[in-house]
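Student: Pasting in a structure now, in structure tokens, and then I'll have a few things to ask.
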Amino acid sequence: VRDGYIMIKDTNCKFSCNIFKKWEYCSPLCQSKGAETGYCYNFGCWCLDLPDDVPVYGDRGVICRTR
């Protein structure tokens with residue numbers, strides 16, 4: 001398992017979030033990816049205890065591509 005920023009599948013960009021709602025959005029989103037929990041950190045959803053097969057922002061070769 002590992003921690004990291006989960007990404008939007010089509011763009012490889014981080015899921016953005018509201019830091020004033022630290023857990024409300026990110027925790028359920030991270031849990032849907034198999035993480036224990038998650039929270040908003042530096043305006044992105046940071047997930048704790050993700051399965052190793054879930055790609056995270058910063059993995060080798062991962063580039064955020066906006067349209």
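Yeah, the Cβs are placed from backbone N, Cα and C, and that goes for glycine too.
Take a look at what Swiss-Prot says about it:
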type: DOMAIN; residues: 2-65; note: domain 'LCN-type CS-alpha/beta'
type: DISULFID; residues: Cys13-Cys64; note: disulfide bond
type: DISULFID; residues: Cys17-Cys40; note: disulfide bond
type: DISULFID; residues: Cys26-Cys45; note: disulfide bond
type: DISULFID; residues: Cys30-Cys47; note: disulfide bond
Student: Taking the Cβ of Cys30 (disulfide bond) as reference, which residues of that chain separated by at least 6 in sequence fall under 8 Å from it?
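Tutor: When sequence neighbours closer than 6 are ignored, Cys30 (disulfide bond) has Ile6, Glu36, Thr37, Gly38, Cys45, Cys47, Leu48, Leu50 within Cβ distance under 8 Å.
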Student: Secondary structure at Cys45 (disulfide bond) (DSSP, helix/strand/coil)?
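Tutor: It is in a strand.
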Student: Within 10 angstroms of the C-beta of Cys45 (disulfide bond), what count of other C-beta atoms is obtained when all protein chains are considered?
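Tutor: Within a 10 Å radius of the Cβ of Cys45 (disulfide bond) lie 24 other Cβ atoms.
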Student: Taking 10 A as the limit, how many CB atoms besides its own sit near the CB of Cys47 (disulfide bond)?
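Tutor: Counting Cβ neighbours of Cys47 (disulfide bond) within 10 Å gives 28.
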Student: Taking every protein chain shown into account, which of the disulfide-bonded residues Cys13, Cys17, Cys26, Cys64 has the largest tally of Cβ atoms within 10 Å of its Cβ?
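Tutor: Answer by Cβ density within 10 Å: Cys26.
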Student: Give the three-state DSSP assignment (helix, strand or coil) for Cys26 (disulfide bond).
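Tutor: In the DSSP reduction, Cys26 (disulfide bond) maps to helix.
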Student: What's the CA-CA gap between Cys13 (disulfide bond) and Cys40 (disulfide bond) in angstrom, rounded?
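Tutor: Cα of Cys13 (disulfide bond) to Cα of Cys40 (disulfide bond) measures 15 Å after rounding.
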Student: So which disulfide-bonded residues are near Cys26 (disulfide bond), with CA atoms within 10 Å, out of Cys17, Cys40, Cys64?
Tutor: Cys17, Cys40
Student: Distance between Cys40 (disulfide bond) and Cys64 (disulfide bond) at the Cα atoms, whole Å?
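Tutor: Spelling it out, the Cα of Cys40 (disulfide bond) and the Cα of Cys64 (disulfide bond) are 18 Å apart.
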